[in-house]
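Student: Structure provided below as structure tokens; questions to follow.
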Amino acid sequence: MAVYLGMLRLGRLCVASLGARGPRTPLSRPWPNSKLQGVRAFSSGMVDCTNPLPIGGLSYIQGHTDSHLVNKTVGECLDATAQRFPNREALVIIHENIRLNFAQLKEEVDRAASGLLSIGLRKGDRLGMWGPNSYAWVLIQLATAQAGIILVSVNPAYQASELEYVLRKVGCKGIVFPKQFKTQQYYNILKQVCPELEKAQPGALKSERLPDLTTVISVDAPLPGTLLLDEVVAAGGKEQNLAQLRYHQGFLSCYDPINIQFTSGTTGNPKGATLSHHNIVNNSNLIGQRLKMPAKTAEELRMVLPCPLYHCLGSVGGTMVSVVHGATLLLSSPSFNGKKALEAISREKGTLLYGTPTMFVDILNQPDFSSYDFTTIRGGVIAGSLAPPELIRAIISKMNMKELVVVYGTTENSPVTFMNFPEDTLEQKAGSVGRIMPHTEAQIVNMETGELTKLNMPGELCIRGYCVMQGYWGEPQKTFETVGQDRWYRTGDIASMDEQGFCRIVGRSKDMIIRGGENIYPAELEDFFHKHPQVQEAQVVGVKDDRMGEEICACIRLKSGETTTEEEIKAFCKGKISHFKIPRYIVFVEGYPLTVSGKIQKFKLREQMEQHLKL
């Protein structure tokens, strides 16, 4: 089986699901006859400049712990960086022509945080941010943390039913969005859920379907029932409001929740992975250390980020790494654009480039690729999906990115747990997802017995450490099914570990589809297709694709006597589910491959579809 690379599995998780062995057993409950659980207390070790090794010939490894974890809030990190590098360029929003140094960014964030408090939001309230990459996104991310408000990262492609679910799930008190981006009309979509908005007093919405939602903030246009973001920020500049902010900050703790990022599993319903300041600050600090940022000059710390900010890769690996390490964050476009990413590297002298494999494929295939200047670029991060070894080699050779690193993680782990060192060899980068991060434990266990596997033997990858989320918002049972009392997080990924501690992801224990870095959950789509009046049953699988990694294939069995077409099924999807969830392939079938007990064998179904589609 091909090795899986670059897998920052944004949204991968382990939930209770019925499989051949029945319900998944939480890790805190002992497996039968288990003798080796990998339960080992953190001990002193080397700092993150040498390589920890597996212990005792078994698939257990512990990252170094001599460098201390940081007990600061996000706001304290921004304050410290602004004091240390006040005139260093902090943020460049190329498509909005915005440039701020760290002193200016801190001032703007303080005003925005003060403004949010002035309109009645308080510590612990949930505020959704819904839209493409923008200055407003970064501002709200940092301002909510500064005020103790919990940011809810909302996928900008969500349609009305998806938006309603996540806002209700976490009880959002407020939401921020632009009026429109491309064909996505945010205000009109929200009105489908909250028809009361149009006649509501700004800041005093009373919605039947979203009873917790009172405050709607528009980024760029005065709209009925909304507050304008500029006015909120302006109100925050008043001295009495800034004094209120300083008062509230005295009650913040680094262990407070700061961010809810939605992730899902084969059961289909999204769950809100809840992360604290401590989770995110330390993960971003350790990412930057692994990238050797503390030893770099300002000119060497210019990160080009074409990845979405609602994902961990963008918000933690991008924004927070910038805040903690004083790196310049360059947002190249509101949504991914390969040409704009190349222009940012060339014109802004970018030194690091983040991206998913699909993004890098598009960048390498730009018609005018050879006309861009790559003299400043030295490395970057590839994550989010399957990255073939040939792609890793092409990026390094064609883009001068000798310090490219492959990253693996999950939303529930803040997110990064394995990562290459920049100096790792080409073969080490092309053949693994790197080495364990500091202050993190990993073990690979037999899924039947729970015992540690021997080196180079596959099993389920489990993670423990500061990085593990606080839990799924409002779902203690699902949290326990994923993170037991012993705090081991079960990733659901099948992995192996070699003698040097390199981790290889060799498979998945669930049927999640990863299309161009987006996690697609088959059960969610299957439930959706069952709403079609002519559909008897639907099964969704991922089939291989050279560009996207995987594409969605819907295998549909129609009701007796009914007929429909591929085009009609796709038309049924538009406007009801996110564009990236609409299947590329629709195949009408008479039945599905089954086990003796009647369970559908999705791996066989996938094979059948790839043969049928001649992939």
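Along the chain as shown, residues are numbered 1 onward.
Cβ coordinates are placed from backbone N, Cα and C, and glycine is handled just like the others.
This is the feature table in Swiss-Prot:
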BINDING   THR263, SER264, GLY265, THR266, THR267, GLY268, ASN269, PRO270, LYS271, ASP493, ARG508, LYS599  ATP binding site
MOD_RES   LYS179  N6-acetyllysine
MOD_RES   LYS182  N6-succinyllysine
MOD_RES   LYS182  N6-acetyllysine
MOD_RES   LYS199  N6-acetyllysine
MOD_RES   LYS340  N6-acetyllysine
MOD_RES   LYS478  N6-succinyllysine
MOD_RES   LYS510  N6-acetyllysine
MOD_RES   LYS544  N6-acetyllysine
MOD_RES   LYS544  N6-succinyllysine
MOD_RES   LYS570  N6-succinyllysine
MOD_RES   LYS570  N6-acetyllysine
MOD_RES   LYS599  N6-succinyllysine
TRANSIT   1-49  transit peptide
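Can you walk me through where each of these features ends up in the structure?
Tutor: In the three-state DSSP scheme, THR263 (ATP binding site) is classed as strand.
Secondary structure at LYS179 (N6-acetyllysine), as computed by DSSP, is coil. All protein chains included, LYS179 (N6-acetyllysine) registers 16 other Cβ atoms within 10 Å of its own Cβ.
In the structure as shown, the Cβ atom of LYS182 (N6-succinyllysine) sits within 10 Å of 10 other Cβ atoms.
Same-chain residues at least 6 positions away in sequence with a Cβ under 8 Å from that of LYS199 (N6-acetyllysine) are, in sequence order, PRO224, GLY225.
The secondary structure of LYS340 (N6-acetyllysine), as reduced to three states from DSSP, is helical. The 10 Å shell around the Cβ of LYS340 (N6-acetyllysine) contains 19 further Cβ atoms across the protein chains shown.
Under the DSSP three-state reduction, LYS478 (N6-succinyllysine) is assigned to helix.
For LYS510 (N6-acetyllysine), the count of additional Cβ atoms within 10 Å of its Cβ stands at 19 [all protein chains shown]. For the recorded site, LYS510 (N6-acetyllysine), the DSSP three-state label reads coil.
Long-range Cβ proximity for LYS544 (N6-acetyllysine), meaning a same-chain Cβ under 8 A and a gap of 6 or more residues, is found for GLU550, GLU551, GLU610, LEU615.
Mapped onto three states, the DSSP output places LYS544 (N6-acetyllysine) in strand.
The Cβ of LYS570 (N6-succinyllysine) has ILE582, PRO583, ILE586 as same-chain neighbours under 8 Å, each 6 or more residues away in sequence.
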Student: Considering the binding-site residues THR263, ASN269, which residue's Cβ sits among the greatest number of other Cβ atoms within 10 Å?
Tutor: THR263
Student: Please report the distance from the Cα of LYS340 (N6-acetyllysine) to the Cα of LYS182 (N6-succinyllysine), rounded to the nearest angstrom.
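Tutor: Checking the Cα atoms of LYS340 (N6-acetyllysine) and LYS182 (N6-succinyllysine) gives a distance of 17 Å.
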Student: According to DSSP, which kind of secondary structure is LYS570 (N6-succinyllysine) found in, if we only use helix, strand and coil?
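Tutor: The three-state answer is helix.
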Student: Out of LYS271, LYS478, which has the highest number of nearby Cβ atoms, where nearby means within 10 Å of its Cβ, if these are the recorded positions?
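Tutor: Buried the deepest by this measure is LYS271.
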Student: Going by Cα-Cα distance, pick out whichever of the recorded positions LYS179, LYS182, LYS271 is nearest to LYS510 (N6-acetyllysine).
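Tutor: Result for LYS510 (N6-acetyllysine): the nearest of the recorded positions is LYS271.
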Student: Looking at the modified residues LYS179, LYS182, LYS478, whose Cα is closest in space to that of LYS271 (ATP binding site)?
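Tutor: Checking each of LYS179, LYS182, LYS478 against LYS271 (ATP binding site), the shortest Cα distance is to LYS478.
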